[in-house]
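Features as listed in Swiss-Prot:
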type	residues	note
DISULFID	1-15	disulfide bond
DISULFID	8-20	disulfide bond
DISULFID	14-34	disulfide bond
MOD_RES	38	serine amide
């Protein structure tokens, strides 16, 4: 469930234990995705 194409919402069980991050890249501007908490 991790990747730039994943819309991170609290309803997604696969995002449990992960952090939601807003991208700042050009192609994925302000799109959210899940990643492991650093």
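Positions of Cβ are set from backbone N, Cα and C atoms, glycine also.
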For residue 20 (disulfide bond) and residue 34 (disulfide bond), the CA-to-CA distance in whole Å is 5
Cβ atoms other than its own within 10 Å of the Cβ of residue 20 (disulfide bond), all chains, total 15
The number of other Cβ atoms within 10 Å of the Cβ of residue 34 (disulfide bond), counted over all protein chains shown, is 21
